[in-house]
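The feature ATP binding site is assigned by Swiss-Prot to 10, 11, 12, 13, 14, 15. What Swiss-Prot lists as AMP binding site is 31, 36, 57, 58, 59, and the listing cites similarity to another entry. Annotation comment: Swiss-Prot describes 30-59 as region 'NMP', evidence class similarity to another entry.
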């Protein structure tokens, strides 16, 4: 099962994701957490994501997916 929660900052995505993960026994993957961890560790994917974020652009799906697979 895959569930994607979309919304602006502060909309409650994290709260709802935690609720669903807990009650449906499914993993909770936060792209924001993935970005922050990779940027903090200065991984190649983190540097690439940061280059998009610094320009105010969305991080391409390919980069996000690669982080999730890592």
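The backbone N, Cα and C atoms fix where each Cβ goes, and this holds for glycine too.
Residue 15 (ATP binding site) sits 14 Å from residue 31 (AMP binding site), counting Cα to Cα. Between the C-alpha atoms of residue 12 (ATP binding site) and residue 58 (AMP binding site), the distance comes to 20 Å. If you average pLDDT over the region 'NMP' (30-59) in this model, you get 97. When secondary structure is read from DSSP and collapsed to three states, residue 57 (AMP binding site) falls in the coil class. A count of other CB atoms within 10 A of each Cβ picks out 31 as the most crowded of the binding-site residues 15, 31. On a Cα basis, residue 11 (ATP binding site) lies 20 Å away from residue 57 (AMP binding site). Remark: residue 14 (ATP binding site) has 30 as non-local neighbours, by Cβ distance under 8 Å and separation of at least 6 in sequence.
Rounded to a whole value, the Cα-Cα separation of residue 59 (AMP binding site) and residue 10 (ATP binding site) is 20 Å. The secondary structure of residue 10 (ATP binding site), as reduced to three states from DSSP, is coil rather than helix or strand.
A gap of 18 Å separates the Cα atoms of residue 58 (AMP binding site) and residue 11 (ATP binding site). When Cα-Cα distances from residue 31 (AMP binding site) are compared across the binding-site residues 10, 11, 13, the shortest belongs to 13. Sorted by the number of other CB atoms within 10 A, the binding-site residues 58, 59 start with 58, the lowest.
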